[in-house]
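These come from TrEMBL:
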BINDING   C14, C50, C84  [4Fe-4S] cluster 1 binding site
BINDING   C160, C164, C167  [4Fe-4S] cluster 2 binding site
DOMAIN    5-123  domain 'MTTase N-terminal'
DOMAIN    146-376  domain 'Radical SAM core'
DOMAIN    379-441  domain 'TRAM'
Amino acid sequence: MSENKYYNIITYGCQMNEHDSERLAGMLEEMGYQHTDELADADIILLNTCIIRENAELKVFGKLGELKQYKRENSDLIIGIGGCMMQQDEPVDEVYKKYRHVDLIFGTHNIHHLPNLIKKIEETRDRVVEVWDEEEGLIPDLPSQRESEHSAWISIIQGCDNFCTYCIVPYVRGRERSRPVESIVDEAKRLAEDGVKEITLLGQNVNSYGNDLDKEITFPKLLEELNKVEKLKRIRFMTSHPRDFSDALLENIKKLDKLANHIHLPVQSGSNKVLKEMNRGYTREYYIERVKKIQEEIPGAAVSTDFIVGFPGESEEDFEKTIELVKELNFDMAYTFIYSQRSGTPAARRDDQVEEEVKKERLKRLMDLQNKISYDKNQKLIGTTQEILVTGPSNNDPEVYEGRTSTNKICFIEKNEELIGEIVEVKIEAAKSWTLEGTVI
Ligand code: SAM
Ligand code: SF4
C-alpha cells in the first residue's frame, strides 16, 4: 500500500476517456494513492490522451513540457502517459525520445495493467513502455473513482467497426466488443443502490450493442432491462450511429419512462457526396427522415449532432447542403469540428485537402447559424417548467448551481447544497444558446 501518496490525472478528449480516467483513479485509490488537485503535491501524474484531432495532440505535448518542472522538484515523481495517442507509433516515439522525464507509456488496451506497471517503476526506477497492438477481448470490470455521486457513465461496448474515412478511433480503440448484459445491469443496480440517479451508457456506436454476442440481446432490449432498475431515474446513451438508429429503438425511447428526452445523432455532413466519401453508410435523405420521425413521434425530444467541415474535396456546394440541412432540422445543439488530417486514415492521404482559411470560414458560418437556432429554441423554453438533476456548483461560479434537463440542456439555479443529487422542477426565466437559467419551484 502507498500511504500518504497522491495522484493527479489530466484527461483530454471524450466521455470514454473521462470514464477511463475514473477507472485509472479507481486502481490508484486501491493501491492507496489519494487524489490531489495540486500537481506539485502529486507522486504520480497521469495524462490520458486524445488523438481525434491535431489540436488535442498539441495540447498534450504542451502539457508534457510543463510537467518537467515538477520532475525537477521531485525526482521520485512518476509521470505516465496513456490513452488513444499512445496507440500510435509516432507519438510514442516522440514522447520516449524527447520527453525523458516521462516514466510510463501505456495504451488503451492495457489500462487494467496500471498497478503492475507502476509497481515495476517503483521497484526499478526504469522507464516502462507497454502498449498492446491489439485488444484482448474486453477490458475487465475495474474499480471506478467516479467524478459525480449522482450521475455515472457505464461502458457498454468498446471499440468501433465503422471505419469512417476521417476517423482514427477504430485504429486506437480496436474492434467492437460488447459487454455482457448481466455485467451492465449489475453495475447499474450497484450504482443505483449507491445513490446514482442518472446513468449514461457509453460506446462509439451504442446501436451496435450485442451484434457480437451470441444471445438475442440488442440495444433496445438492453434499455428495457435497465429501465427496470429500481431507484434509477434517468438513462442516457451516446453515441448513436444514424445508420443503426432503428424504429425499435425509437419505440423504446417513447415507451420506457426513464429514457432521457435527448438523442445525439452525429450527421457529419449534409452532402451525399461527402457522406459517401466519409463511409458513413447513410444518405442525407435517410438522415432527415430519421430526425423528423424522432421530432414528430417524441414530443419535446432534443436532437443534437456533430459536423465536420472541410472534409477533403468538400466544395462550396457540398457545404451549402450542410447549411440547408441545419436549417431544415432545427437541431437543439451541434458540435462543429474542422476536419483534421489523421495519419493512417484514408481521408488523410487524399490530395484534395481543403485550405485552412476556407475551413475556418465555413466553421464560422455553421456555428453562427446553429447558435442562432439553439438560441431561438431555448428562448421558447422561457416560462416552461423543466425537470433538472442538480449536479452542484457550476464550473465558472461556485455561487451558482447547475443541473441538466432531460433534454440535456444545462440549467443554472441559485446555490442550494440540499438540492445536489435531486431531480427538481425549475421554472425557466432566461435562456442563451447553450444554457438556461431558472428558479426551483
Ligand atoms: N462514434 C461517434 C460517431 O460516429 O459519431 C463519435 C466519435 S468521435 C470521438 C466524435 C466526433 O469527432 C465525431 O462525431 C466527428 O464529428 C469528430 N471527428 C472524428 N474524427 C475527426 C477528424 N479527423 N477531424 C475532425 N473531427 C473529427
Ligand atoms: Fe469514428 Fe465513425 Fe467509429 Fe464514430 S463511427 S468512432 S466517427 S469510425
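Glycine is no exception: its Cβ is also placed from the backbone N, Cα and C atoms.
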* Structure fact -> Taking C14, C50, C84, C167 as the binding-site residues, the residues having C-beta under 6 A from ligand 1 are C14, C167
* Run through the domain 'MTTase N-terminal' (5-123) and tell me, per DSSP, how many residues are helix, strand and coil. => 66 helix, 25 strand, 28 coil
* To do: For the recorded [4Fe-4S] cluster 2 site, enumerate neighbouring residues of the same chain (Cβ within 8 Å of the Cβ centroid of C160, C164, C167, site residues themselves excluded), in sequence order.
  => N162, F163, Y166, I168, V169, P170, Q204
* Asked: In sequence order, which same-chain residues at least six apart have a C-beta under 8 angstroms from C167 ([4Fe-4S] cluster 2 binding site)?
  -> I52, C160, R342, T345
* Out of C14, C50, C84, C160, C164, which of the binding-site residues is least crowded by other Cβ atoms within 10 Å? -> C14
* **Neighbourhood of ligand 2 - binding-site residues from C14, C50, C84 with Cβ under 6 Å** => none
* Compute the C-alpha separation of C164 ([4Fe-4S] cluster 2 binding site) from C84 ([4Fe-4S] cluster 1 binding site), stating it in Å without decimals. => 17
